[in-house]
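This report refers to the structure that appears directly beneath it.
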Amino acid sequence: LQGIFVLGLPYALLHSGYSGLFLIILAAALCCHTGKILIACLYEESDEGQLVRVRDTYEEVANACCKKLSPNLGGIVVSVTQVMELIMTCILYLVVSGNLLSHSFPSVPVTERTWSVVAFVTLLPCVFIKTLKTVSKLSQLCSLVHFIIILVVMTYCLTQIHQWSWAKFRLSIEFEDFLVSVGVIIFSYTSQIFLPTLEGNMKNPGEFRCMLNWTHFLACVLKTTFALAAFLTWGEDTKEVITDNLPSFLQTLVNLCLLTKALLSYPLPFFAATEILHVGISRGNHPNYRSPLFALAVRGSFLLFTLLLATFIPHFALLMGLTGSVTGAAMTFLLPSLFHLKLKWRKLSFLEKCADISVFVLGFLCSLAGIVCSIKGLLEVFG
């Protein structure tokens, strides 16, 4: 909930004004709600009235909802959406790596695309990652680097507190820019694809709801504080990646830390996506699809694919907005509320049904409008 994409939130406030602050809070509340109802879909009531966990994954929930149409249709839709989100996440890490290298070494006559290729070369060892144990060690280092980055940016912002002015906030906003900001904010909260596994591995799953409340509350406070402090410091000059606003003596240091974090973050979505792809392809009994060489080919092809897209769409905020609008909204708002209504309709109260329907409609409208505006923004950039 506190990944590298938090750095895009001040830019989202630039285009959404006061409503952006409300959106950060609203997104936290809605994401917390959909996380709870998604986990509720994993359980069914036994004859004795006890809740029993009968499903383990997001895909199994989807299959249960679509079993009358096709036994595996729901799982395929969810898997495709998951892979899309993970691909976009990997691409964003490459895009932001190119951006960071470009701003760290401005005297070097190299484009951001070329810097993304340089970052790609350092990620080639990812094709040899076979277990989550390696990924977890990299993620521990990633968390430490992230803490250092946020501390440095916040400390600098607090030294500029005498320049802060609420007049920097917009009262009027451009509708299209606002919708892109919605996608950015949604994407910064997405975590639903990990929740079934997380809840299943908790020592006391009964504490899941309490844990979700506290983590989303703290994430909301930290996001709001960070985005607000950064925007009040730079106002209209706020850039897509907020570290680009830092003075040169800090920018190079922080950008190199961010680069380290981005490269350390890449293996997790990369590993998750390639595992889904490999399992999906090798479901048959053909021995060629189960060989280590084939798995290596899948990982290598995926790595190269993310590089190609990163070089064609090198725009951090627009790409993050598009991702949040497409896969983020689907996995976070649309599917959990739809599955909850389908599986629990008879047991839900009127207010619970209204809440789920409202979340679904709101998520659909935001997703549709965000997709249109993000694509339009990308077309304008390329045009």
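Each Cβ is built from the backbone N, Cα and C atoms, and glycine gets one as well.
Curation plays no part in TrEMBL annotations; they are all automatic predictions.
Because the structure is a prediction, the values reported are computed rather than measured.
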- Item | Where TrEMBL places transmembrane segment among the ranges 23-43, 359-379 | 359-379
- Task: Verify whether three or more Cβ pairs under 8 angstroms connect the transmembrane segment (293-313) with the transmembrane segment (210-232), leaving out any pair fewer than 6 apart in sequence.
- Result: no
- Contact check, the transmembrane segment (144-166) vs the transmembrane segment (293-313), 3+ Cβ pairs under 8 Å, seq sep 6+: no
- Contact set of the transmembrane segment (252-272) with the rest of its chain, CB cutoff 8 A exclusive, min separation 6+ beyond the ends, reads 3-4, 7, 82, 86-87, 89-90, 93-94, 96-97, 100-101, 103-104, 119, 122-123, 126, 129, 132, 134-135, 138-139, 141-142, 145-146, 148-149, 152-153, 241, 243, 246, 299, 302-303, 306
- Based on Cβ pairs under 8 Å, which of the stretches 73-95, 115-132, 178-198 lies most in contact with the transmembrane segment (293-313)? 115-132
- Query: What parts of the chain pack near the transmembrane segment (115-132), using Cβ distances under 8 Å and only residues at least 6 beyond its ends?
  - Reply: 94-95, 97-99, 101-102, 259, 262-263, 266-267, 270-271, 296, 299-300, 303, 307, 310-311, 314
